[in-house]
Amino acid sequence: MGWKTLDDMDLAGKVVLVRVDVNVPMENGEVTDATRIEKIVPTVEDILKKGGKPVLLAHFGRPKGKVVDEMSLRLVLPALQKALPGTKVSFAADCVGPEPEQAVAAMLEGEVLLLENTRFHAGEEKNDPELAAAMAKLGQVYVNDAFSAAHRAHASTEGLARLLPSAAGRLMEAELKALEAALGHPERPVVAVVGGAKVSTKLDLLGNLVGRVDHLVIGGGMANTFLVAQGIEVGKSLAERDMADTAREILSKAKAAGCTIHLPLDVVVAREFKAGAANETVETSACPADAMILDAGPKTVAALSEVFASAKTLIWNGPLGAFEIEPFDAATNAAALQVAQLTKAGQLISVAGGGDTVAALNKAGAAEGFSYISTAGGAFLEWMEGKELPGVAALTV
């Protein structure tokens, strides 16, 4: 699969419509975490360097096709200006029609224009061809730098890419390269770590992975469901007992595909779910009836350590235990730090994604050591599920 990048495009003197993700958290009208804004800077600066005029398109929140003042991208303007010091950043109060048309016409080389929330128009989420055509009128080239919105076929992600010469921005390019290295044409053996609470939310993911990876590590609450499927009692632990048949199907599918599934060998149990709760480590088959499993134990960590050490590629989505609360973060921390260490030593390509995963790796102090950490959430999951992402498919040449 190939796609054009900024290196393939002649941008001199052209208005470049750039789909970005600036859907940042806000409190009292202030941006509390500008990470997503900072990530688009390389693309914007590259376009400026090539003599293009970047016009930014983005959504913000879920206004459902209506104008909602608290979801205006005007609120993001100060943080965007701060991320681009020395560059004039202007704002237009719509993303189609006379206002942005006039603002684009008035742009000088070296300036950036931010357009209003695309989701203020009901046609955005319906991928309305008329809205996409009205957006396309504003520029000569389209660049998608929002991998996080690539799983949605919207006017500004998919419709627009069909109407103008299109390329991937630097963030999108980095994401696609990392994902291609991890699951497209990976170096083997490939290990996937999948954690989290529920099997039901990750059925497609598990089903796709067993056919594509050599080892599948299952952790978190969903491991309990697999234990139940094998006739093991898990006390008061979180488990989806109605998913036991499905778990057994996944186990047999894995066996047929030659994928080894790793479940906890020992577990850390407690009677209450709170920081510093009295806890003990027991064999997986010996969970007391009045206790709940909150983490994988040291035997499990040691066994996984051997699996990781023999791997060449690792993909991670979801923690191995209740990482938010000490001491039930021990297995996740130990595994994350080892993966980071192997990656730094050049022995492993490691790609991680999903909100909880990123939080867990940051908490463990291991995030910096991974080859690539995706901030994309839903798009990362759908990519891991083997689904086509409309925003990426539209860029494919």
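The backbone N, Cα and C atoms fix where each Cβ goes, glycine too.
Quantities reported herein were computed from a predicted structural model and do not represent experimental measurements.
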Of the candidates E233, E324, E388, the one that Swiss-Prot places in the ATP site of K202, G354, G355, D356, T357: E324
For T357 (ATP binding site), nearby residues of its own chain (Cβ under 8 Å, 6 or more apart in sequence): G195, W316, N317, G318, P319
Cβ neighbour count within 10 Å of R119 (substrate binding site): 25
When distances run from the Cα of G61 (substrate binding site) to each of the binding-site residues K202, E324, G355, the nearest one: G355
Sparsest-packed of the listed binding-site residues (D21, E324, D356) - C-beta count within 10 angstroms: E324
Spatially closest candidate among E324, G354, D356, the listed binding-site residues, to H59 (substrate binding site) (Cα to Cα): G354
